[in-house]
Amino acid sequence: MQQERPRYVINRPAYNLPEFDSEFDKKSRQFPVGEKVKKLFRCSVPRLKGLLFRHLPVLRWLPKYKVKENLLCDVISGVSAGTIQVPQGMAFALLANLPPVNGLYSSFFPLIPYFFMGTAHQMVPGTFAVLSIMVGIVCLQLAPESDFSHFNATVNATIVDTDGMNEARLAISGTLACLTAIIQIGLGFMQFGFVAIYLSESFVRGFMTAAGLQILISVLKYIFGISVPPYSGPLAVIYTLIDIVRGLPKTNIASLVFALVSSVVLIVVKELSARYRHKLPFPIPMEIIIVVVATAISGPLHLPELYHMDIVGEIPLGFPAPILPTVSQWDDMLSTAFSLAIVGYVINLAMGRTLAAKHGYNVDPNQEMLALGCSNFLGSFFKIHVICCALSVTLAVDSAGGTSQFSSLCVMLVVMVTMLALGAYLKPLPKSVLGALIAVNLKNTLLQLSDPYYLWKKSKLDCCVWVVSFLATFFLSLPYGVAIGVGFSILVVIFKTQFSGPNNRYRHLQKPKGVKIVNYCSPLYFANAEIFRQRIIRKIGLDPAKIILARRKFLEKEQKDKAKEEKKGKETRRRKLSSLVTMKSQTISRLELQNDFDMNGSANKTEPPTSYVNFHCSDIELGEQSSEQEPPSPTAVSLEMQPMPFHTLILDLAGVCFIDLMGIKVLIKSLRLACPCVIFVVLPPAAQVCEELEAGGAFDDGNIARSNLFLSVHDAILFAQQTTGERRVSSKVGPTA
């Protein structure tokens, strides 16, 4: 038995918009710019306190920190995550074409500002693979290996000054980090945290997948132990892949064995840890275990010397000396710095929102931009490369029960101990092991290659965004991928706003007689104004091109007829003058009879019938035509006469969120096509469209009457029916009066 549905009954008077505004006392929107400026620069103790608490969140959470409950968990999670941060930072430094020690610097100095300014409690800043490879492209462009190579005649070979090249690239990396930090800080102070909304999830996933594939191809040279010349720019990854395939016969077997064993062990342990993560008190730091074991095997057995393996090499102990950025190089890296600032912020914010939703706190987007910018700014003086959220390290902290930034403080301590004491023991570590760590950590990113299969079923436009972002990033390099992906995403949004979908989607609907309803559910602006106009033309059944053509033909015919009449009139006057001589013999009675005949003939002339086609309401003003036209002949107008199919046109603009001047102009022109009928416009009372129409002059010169604005389609139909009834009554009463 079907359950009886509840009844929906409304009993209220029908309103047009002016009546509703008057009855419910609508407030005018005001934008007191002067007051806002005064408030912005007003100084007081509560305002100063609010600014401190906003920009230094540590002042909020530190007094409330529960030492007995959370300190032990934070220490354990921080130490275990620090053992992941050290090898991961060294590995990602290789992606940036920098010495491994740069990864340690990048994993230490940026954590200091973020401890005080970060709003995501479990977040650990550090190296990220995508940003590392973008930094590596700039390092290759500004400090290519050829600039540090020279031919040594003694050994008959080309020698590369590795130390000089590393120092130059470290300086370039710090300069790029400083420029990126300035952009992020500037965007943060301008409240530009909302820029992240322009990066759709489809774009981000396509970009990250292409970057992950590029990273995998980039580390293959370390895994196979072959030498590949560096490339940059479009199709660089293709050239690199070709050289790797050509160099496979020269594979270093020892490097490959280290990489394969490390990969297998790491994959097995990670899968077991994921399956039994609820039973483990903290994640197994397998990365640092593999690094320690590989170093212990490679060093004492002298494997690098025996098999010519590429190793990490000497890691300088202690803190680096501060450097100043080379401002003259900013012109060459501005586009990449902007891409790094936006991409790094998006990754950071996405991870921060995920953690906040899981643990029940809020993340301030603008403060995150400032915190990330300050972290990069401080680190830029100590030879870091651009950082953001260290994804695997942050997840390790979260899964181990970390609750605050004390976890990142413990991560920082582990990295500091490595920099000050343990780094010297990592000299014989094979680079193939670090390459294997990078490749295994790309697993989740590369699994996103299946995204188009699922996106195509759900949203074809989102699938297109993913594919375009992926192809542009993979083949044209990462900076081009960001620009093309964002641009295509915006074009997709514009495309969606141009088409609002069909109106008649239900078959069993009762349509009111004599009323046409045009529904439009998109913003009305320059990009879709013509589409809106064509929809109205189709709805009312009048083609303006045909109207203009009929008007031109009509005017041409009238001019020809007038010329003929003038010519005929001249001949008639000549005949009358010649006949005046013979008029003397005619009697007065005959003249009076002729005059009576002329008067009766003129009195019997019929007035031309009216037509709903208004030739003075067209898109093209024919001002050059003669303004003083005689009334059209009945036969000329009757060719254009058709019965009016409706008496009221209702424009349902409730789904229009804004309208620009071009939209207002097209709206007025479109309404003139149906000028003989009554036009009602439906606008929501709380929307700003009414104010935009008023500012754009839509209510001037009687274009749209304010009394014809309504809250809903039903209100407009009730008024239309009432107006039609009054017309019928007046038409019946009129002739009898």
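Including glycine, each Cβ sits where the backbone N, Cα and C put it.
According to TrEMBL, the domain 'STAS' annotation covers 505-720. According to TrEMBL, the transmembrane segment annotation covers 123-143, 170-199, 211-231, 251-269, 281-301, 333-350, 370-394, 406-426, 470-495.
Remote same-chain residues near the transmembrane segment (211-231) are listed as 94-95, 97, 129-130, 133, 136, 140, 144-145, 237, 239-241, 243-244, 247-248, 250-252, 254-256, 259, 309-310, 431-432, 434-436, 438-439, 442, 445-446, 448-449, 473-474, 478, 481 (criterion: CB distance under 8 Å, separation of at least six residues from the stretch ends). Highlighted: of the candidate stretches 281-301, 333-350, 370-394, 406-426, 470-495, 370-394 has the greatest count of Cβ pairs under 8 Å to the transmembrane segment (123-143). Put simply, of 170-199, 251-269, 333-350, 370-394, the stretch with the most CB pairs closer than 8 A to the transmembrane segment (470-495) is 333-350. With a cut-off of 8 Å between Cβ atoms, the residues of this chain six or more beyond the transmembrane segment (370-394) that come close are 55, 81-82, 84-85, 88-89, 93, 96, 98, 102, 105-107, 109-114, 117-119, 122-128, 131-132, 134-135, 170-171, 173-178, 180-189, 319-320, 322-325, 340-341, 343-345, 347-348, 351-352, 355, 411, 441. The stretch in closest packing with the transmembrane segment (170-199), judged by the count of Cβ pairs under 8 Å and taken from 251-269, 281-301, 333-350, 406-426, is 333-350. At the 8 Å Cβ cutoff, the transmembrane segment (281-301) and the transmembrane segment (333-350) share fewer than 3 close pairs (sequence separation 6 or more) and do not count as touching. Here the transmembrane segment (406-426) has Cβ contacts under 8 Å with residues 65, 70-71, 74-75, 77-79, 81-83, 85-86, 89-90, 100-101, 104-105, 107-108, 111-112, 114-115, 122-125, 291, 295, 299, 312, 314-319, 393, 397 of the same chain, all six or more residues outside its ends.
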